[in-house]
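Copied from Swiss-Prot, the annotated features are:
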- ASN48: N-linked glycosylation site (CARBOHYD)
- ASN172: N-linked glycosylation site (CARBOHYD)
- ASN868: N-linked glycosylation site (CARBOHYD)
- 1-19: signal peptide (SIGNAL)
Amino acid sequence: MVPTILLSALLLHFTDVVAAEPRYILWVSSVVQRFSSEKACLHLLNLNESVSLSVTLEYDGSSTTIFDQPVDEGNFYACADFKVSQMSSEQLAFVALLVQGNTLKISERRSVAIAAEENATFVQTDTPVHKPGDTVHFRVVTLNIWLKPVDDLYPLITVQDPQSNVIFQWINVTTFRNITQLSFQLTPEPILGDYTIVIKTQSGTTVMDHFTVNRDVLPKFEVELTAPETITIADSQFQMVTCAKYTYGQPVQGKAQIKVCRELFSPAHCESNENEICEQFTVQLKDGCASHIINTKVFQLDRSGLFMTLNVNEVVTESGTGVQMSKTHSVFITSVLGTVSFENMDPFYRRGITYFGTLKFSGPNNTPLVDKLLQLELDGKPVGNYTTDENGEARFSINTSEIFGAQISLKAVYVRPRSCHRSSWLSPEYLDAYFSASRFYSQTSSFTKIILEPKQLPCDQEKMFSVLYSLNPEAYKEASDVTFFYLVMVRGGISRSGQKQVRVQAWNGNFSFPISINADLAPSADLFVYTLHPSGEIVADNVRLQIEKCFKNKVSINFSRDKDLPGSNTSVHLQAAPDSFCALRAVDKSALLLNHGQEMTPESVYFTLPYIHQYGYFYNGLNLDDQQAEPCIPQKDLFYNGLYYTPTGNIWDGDLSNLLSNMGLKIFTNLHYRKPEVCSSQENQPLLRTFDHPNERIMMYGGGAPPSSAFHDSVDSISHAKVAIKETVRTNFPRTWIWNLVSVDSSGTANVSFLVPDTITQWEASAFCVNGNAGFGISPKVSLQISQPFFVEVTSPFSVVRSEQSDMVVTVFNYLTTCVEISVQLEASENYEASINTQRNTDSEVLQAGEQKTYVWTIIPKTLGKVNVTVVATSKQSRACPNDASKEQDVHWKDTVVKTMLVEAEGIEKEATQSFLICPKGTKASKQTLLELPSNVVEGSVRSFVTIVGDILGVAMQNLESLLQMPYGCGEQNIAQLASDVYILDYLKATDQLTEELKSKAQRLLSNGYQNHLSFKNYDGSYDVFCQSNQEGSTWLSALSFKTVEKMKEYIFIEETVPKQTLIWLVKKQKSNGCFRRDEKHVDTAQEGREGDQEDIALTAYVVGVFLEVGLNASFPALRNGLYCLEEAFSNGVTNGYTQAILAYVFALAGKEQQAKSLLSILDKSATKTNNMIYWERDEKPETDNSPSFIPSALSGETEKTCYVLLAVLSQDTQDLDYASKIVQWLAQRMNSHGGFSAMQDTTVCLLALTQYMKLTGSNPQNTITLSSEESEEVFYVNRNKRLLVQHSKVSKGHQQYTVDVEGDGCSFIQATLRYNVPLPKEASGFSLSVKTGKSNSSDEFQTKFELTVTLTYTGARESSVTVLVDVKMLSGFTPVVSSTEELKFNSQVTKTDIKNGHVLFYLENVPKEATSLTFSIEQTNHVANIQPAPVTVYSYEKGEYAFDSYNINSISDSQ
């Protein structure tokens, strides 16, 4: 066998001392940053003559000079700064080195990359969680890689809802002093979930940030559960600590109920069929906290067959109010009692330099195991025993002088005592540690090693770095001075350089040198230390320094006081670099408890920053590794001392080229720095270098309150008058308090005053600042605790029914430093009776410091409507209390809380209206009004008023958000409202009546409505009645949506793709004959023409009418083919009155006058003409409608049909306005009190018709209107300037007769409205309905939760009712359990659930003739006695079908 010898050792033996020939080294970063200062360092050694030196950076036809100077003979070292100052699209560049003398010429040219200008854009929202209807504020700031602000232009900023619909858009947004600040308003009914803010930057990158929209109520207090993350099977017990604190820092008084369970794998094997082992206990909170020791014996931790987790569920209940907050926690169980690991290990060992490392022994939760014996093995042989210190660590060192192997293998084990365990149970384990270190190559066997403590280095201090060295003395002179050099690289570029001269006595030693640590190096830097061996080798080492994430712009904010009072004045002191521009933000801590979101922190800023760590010489597709490899060593035997040796390389050895590649540092040199490579055969291909990594570079992206002491700790800083009583009224409760941009003056400070909100909470405040020179900085968070030493809280139900008795819970908090005498009074009122249920000896009592007391009053309301209940709590010094209050603290306080309670009448509400459009034409015109009440009206529930306005559309203009008296939970109601608003806006704009105030209001409504309506859009562009059903969309609804969204583009932002996508879907619904296919569902059978064979014709007419209304070109294929379908139907004969009306309108729009006139002539013959009015009735007139006023009337079809005729008359080339006015007279009588009509369909069509009519006729009234009865007389004036003014007159007896006299010219609209309650009707039409209540847990002694089951059956003429609403009113003092209502969405018929103003709404589709049951839970939150029944209503949207029932909890059954 031929012996082998390590190649490096053989080469060293055969290497003679190299002659002193000229040497050179040029250091330059492989990626050069544009517009930033870069550095290059150059060594010239052993020059035997003077030379000229030139180093240039060549790029895109230009060049930048780095060095250009003469150099004398000898040695030369210098570093030069340079900058790429020109814009260039080219990324590839070259650095050229030229050293020219008489006899010497050194020339080398290598590639580098010029980094594309990359910036980081950050988004900050005012709060991470918003509620419906909020105004959302956000900021945008862009920084370059050096944290300098960039005055960027953002081509596009959009906001996307959870379904990726763009709901807001800003184009070409500029910054103000490098910060952009925008806002938008959410609709009151938004899609709940995560919203996305999308920023398109000038460079083409996209930045996104998120916030959440939900209906969560801000938590009253927070619960912290402290328990170990992990326990071992050997632990007999562990401690669990529960703490509950109000957001303003004070402890909660109450109790904690804790349940700890361990689940079984197979519960079926248990006799009791239980699937878990549980322990439950209750602990009382003391000072807001409670500690409990959990005994683990019951959980059998070392038993197999159970999950290795303890599930902890905790509920904290506040005393007095019963408010609960829950918390969950998981405790993991492990059989691993300890883990040995290696820490701070170098991947390479250097022979001759001691190898250092750390052993760590830790238990679960990373707890250090102290005073334990660990054994270290090297290549399988023990080298020493080590005992762990108080940190569970033990330092070790290994002498490497006699180690020659390519790798060393280390193993560390815990020297454990012997033990025995049963095989069927879990056994304790200890995990060993393993590590391998490779040899580092040096041709001269010379090494350096930087010693670095493995911790983050703090900013703004000087750090001493120690370097070990072991140098081969060959080629050195005796007692030589050796010069060590260092480079510091930050974000891919050379930032600093220096040198240290060391007097070498022994060739193994160490030295130290300082480096100033500051923000320029953050968040990490590479330190590279090297020396030049006379034998022609570079001896070097590098380490990566982790730097504190600090900023050059030092920003700090402070409140004038750490704690303050609600409603007080405070100031914020801001410090930053002079002339900085700063963004302040203060958020209620309660909002952060819901979701911390992507908070802007130093960590998130640096994490997002595109700083460079180059691994390998690849950048953006460029291979910058153009260093020519040295010739490989042929695999040829060498003869030495009588033996043949075969060269063997080692692919695992580290060398300097690895270190340089890791840093992205390029070298131009003729010195030795690579390990030799053996020429390989095909079967012995060398592997890639261990540390070369072909990634372009690493780019990091991301998003990203101390418990306070008792209030009295700082109450001394709040000055109180010693005699005056402090009285507070609290009304301002925002989630975000401070959202301001502030300039810092030339001294670097700013003071800003703010009014503290009334929320008793803790505010979390911070600021970030930008400055052209100092760059970006962000402050640490500061807190301001807001509390009153003495205040009262009141809890009561939102609404009650008259004659019910409700409990009002009043809690008084005393956070003064002493006990006080308190008095709590509920003020008397003629609107209610009040009696106290809490026993007390006198009107005043003593309340100890830090405690609270609860009182309960029973309230019996006497009047209907909103009733204000006033509670007053006062405090004063008591003789029974020691006088230990702070001298500066006043104990005289008065806190007043006014609680509003809605008192409702029994039964359900009905409405009757009587309307007239009176046009006197210079004479006097009179009308009589008489609205009669039914005999069963609820006493005291009658409300009546008369409305006078000079424009028939005036009432609708005042009710743009509520034209109909019904819930807006379906897509049909939502788009009908939007369409009506657009018609009115178009009318106001056309008649020059659109004021900025009205336009602003309408735009807000349209924007909110558009957001809502996107929730009904399917992914194919169609719209459905219910949110995102993604079933077959409704053609009628999609057509109306397309038209409305197209017309809304004139007033608000609409994403272009939204209507286009709907148009594409509509076109696909067209058949080959040009007609549009009827909908399989959501068909409104209440209207004529939407039944039978002519349904396709009516639907086609509607869609074609939409195409014409939005102005599609007549050549548009779907429009042209649709008209062909309608003409064919017309020629075949149309007998249905509704279809005739809509066809007449469409033909008039299309300019087909002959067909329009023919249809109008036919319709005129079937019209009802009476009292100067014209209208059309249904062919089959239904019985008189007795349904409640909020249920769509079956007679709405007559109104819609009449309005289509009016549209047809007005759309002809020659309009008959006299004929049209008679139709309008009848329509005026059909208007409801909100300006709409009976239902959604007739409202949209009729408002379009009325706006078209008013555009043609105008509105210029000059009227005097007298409203008189036997008892009173009132006069109103209407003129051109007041034509849109809606005037009201409350009348004492709305059901008596009134006379309306109108004098003057022009028209005025007069409407009398009567509202009243009647007992729940017993009749039904189309449905049967029953409601049952049951106990949710029959074992509860004090029942607070109940199950409510609503069962409905369709009994109408059709197979099923298409769109149905179930409205369940909550009993007084009760609220629905939201999770139980949400679960009903899994019912195939329930498409949506909603909770509004004490009502639970269920939207259903296709309710069959079989019984459908809905079961959900309700919970009593406030005690109410003599509870009145609550009504439940079911009705159909398309047809006047309905049923009623009621429920109560007086008679209940246990739920099974």
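Glycine is treated like the rest: Cβ placed from N, Cα and C.
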Where's the emptiest Cβ shell within 10 Å among the glycosylation sites ASN48, ASN172, ASN868?
ASN172
If you measure between the CA atoms of ASN48 (N-linked glycosylation site) and ASN172 (N-linked glycosylation site) and round to the nearest Å, you get 62
The correct three-state DSSP answer for ASN48 (N-linked glycosylation site) is coil
Spacing of the two Cα atoms, ASN868 (N-linked glycosylation site) and ASN172 (N-linked glycosylation site), in whole angstrom, works out to 50
Reduce the DSSP letter at ASN868 (N-linked glycosylation site) to three states and note it down.
strand
